[in-house]
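As recorded in Swiss-Prot:
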- Cys85: active site, nucleophile (ACT_SITE)
- His183: active site (ACT_SITE)
- Glu185: active site (ACT_SITE)
- His191: active site (ACT_SITE)
- 2-212: domain 'Glutamine amidotransferase type-1' (DOMAIN)
Amino acid sequence: MRIAVLKFPGTNGDYDVLRALELAGARGELVWYRDYAAGKYDAVVLAGGFSYGDRLRAGAIAAATKAMDHVREDAERGVPVLGICNGFQILTEAGLLPGALIPNDPPGFISRWVAVRVVDTRTPFTYLYEEGEVVYMPIAHGEGRYVPAGEYKAAFKYVDNPNGSYDNVAGVYEKNVLGLMPHPERAVDPHVSRRGAGGLKLWLGLISWLRR
């Protein structure tokens, strides 16, 4: 099993993802974006951060790289793809997920724990959750307000909307591709996570799905 953790200039959540995978029983591989190639990995995670300093728009420059062409190719083959925070922004900019992430309303950077409801369990990342289950994860973003572009499928919704996101959406998916603004990799260890380990099931679900 090979799980790539894709790193762009400005990515800063990569080691948190590697740690989350380790706690869930797998070993991720940190992959510099120029070294990523389609057909080599069983899953890929786009970690959070500020790729290219959020120039132009959050995720816009990373979305235009050759690496994302390879990610798109893998996604079309059914490889599970996860984008967290800035990774979610990259996926929308690249057209792998519908809609866009725009500045928060009210504006400003938000960094706190939030309650998130699982509303769809039909993905490789959510199928171990119960539909309607509420978990806690931290958020840390200034451009996390989701706006749809036509039809979309929500996987997670905020219990108490922190950023003005349409219909309380915290994460959306399309087949095997999932993006979410909350950070499941920072909610995996009950000894250090302030509000429990609600993100751990996401990683356990991915690993279980890959082992089927």
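A Cβ is built for glycine as well, from the same backbone N, Cα and C atoms used for every other residue.
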Original post:
Under a criterion of Cβ-Cβ distance under 8 Å and sequence separation of at least 6, what residues of the same chain contact His183 (active site)?
Top reply: Gly13, Asp16, Gly48, Ile84, Cys85, Met137, Pro138, Ile139, Ala140, Gly199
Original post:
Averaged over the domain 'Glutamine amidotransferase type-1' (2-212), what pLDDT does the prediction give?
Top reply: 97
Original post:
If one measures from the C-alpha of His191 (active site) to the C-alpha of Glu185 (active site), what distance in angstrom results, rounded to a whole number?
Top reply: 14
